[in-house]
Ligand SMILES: O=C(CO)COP(=O)(O)O
Ligand SMILES: O=C[C@H](O)COP(=O)(O)O
Ligand SMILES: [Zn+2]
Ligand SMILES: [Zn+2]
């Protein structure tokens, strides 16, 4: 058993308390490799932002859970080396079983998500409570989820959003003892969050998605005042990145995300954690494609992964400063 505290990591409790009081949100960025980890840490050190490093099941399969945990440990040291001891939380994203959550906690994760949102309500409650009871023995924080996001949620493909029912949140939080709650108010995973027919088009022909359901968020806040809320699927799908990808041979069609001003608004509410993965993928892919197209003789991976890492860092800095409001929150 490795305790995360011995690795210099922190759980999400204090982070969320400060984010709630300060009316901002903590960035939760997914990572699968060294360049992503370095970009996240460098961006958050430069902007003095706390951060949650997220490991998905896809990341575990791709990079190996042990390696990712050591990388998170390395991230703590790297931040110090870069000159700012920012709080870093290592979080399991979309955990789907009790056993997986236990395995991550035993390995040094400081926070886990148990995503029982596709289960019948009572089963979600029972599974989430079981994880909470285990995790809290080690002061590991737990995120649960109510409501299903459209698009690809884990292995479950939901055709449409099943918005979180405000009628259930108080009961869920009380019965499970979770530390934060992911909700569904119109965000979704991936780079194609809405079908073109769900959107309108602006004067430049760019798709404008339907607004998030702030009415549901406000009702949830009324039912569980001061309780930390999490938004998944919160990439904005920057159209300049999509354009670079398509210019250099990509084929992203009708890619559309959540407008940044809506996330900015959400960050000032009880939303304390905002998950962003796809935007980083777009930034890296745009940078790599540009190098491949403009420097075809280049074959040193550092010559395309380096620019990708730099583009990623700029994107993350933009998020902390201009979207989440988490910049300058660390002394
Ligand atoms: O929710 C996410 C990870 O859990 C990521 O969402 P995006 O696909 O919008 O980046
Ligand atoms: O919520 C999902 C994350 O974006 C990670 O997805 P992944 O399992 O493909 O790594
Ligand atoms: Zn889910
Ligand atoms: Zn998610």
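Using N, Cα and C of the backbone, Cβ positions are placed for all residues, glycine too.
Sequence annotations record features per position, and here TrEMBL assigns active site, proton donor to 93. Taken from TrEMBL, the feature Zn(2+) 1 binding site covers 94, 189, 232. Taken from TrEMBL, the feature Zn(2+) 2 binding site applies to 115, 145.
Here the features listed in TrEMBL are painted onto the structure.
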| residue | record | CB count, 10 Å |
| --- | --- | --- |
| 93 | active site, proton donor | 24 |
| 94 | Zn(2+) 1 binding site | 24 |
| 115 | Zn(2+) 2 binding site | 26 |
| 145 | Zn(2+) 2 binding site | 26 |
| 189 | Zn(2+) 1 binding site | 20 |
| 232 | Zn(2+) 1 binding site | 27 |
Rounded to a whole number, how many Å is the Cα of residue 94 (Zn(2+) 1 binding site) away from the Cα of residue 115 (Zn(2+) 2 binding site)?
-> 5
With respect to ligand 4, which members of the binding-site residues 115, 145, 232 satisfy a Cβ distance under 6 angstroms to one of its atoms?
-> 232
What is the nearest of the recorded positions 93, 189, 232 to residue 115 (Zn(2+) 2 binding site), using the Cα of each?
-> 93
Looking only at C-alpha atoms, tell me how far residue 145 (Zn(2+) 2 binding site) is from residue 93 (active site, proton donor), rounded to the nearest Å.
-> 11
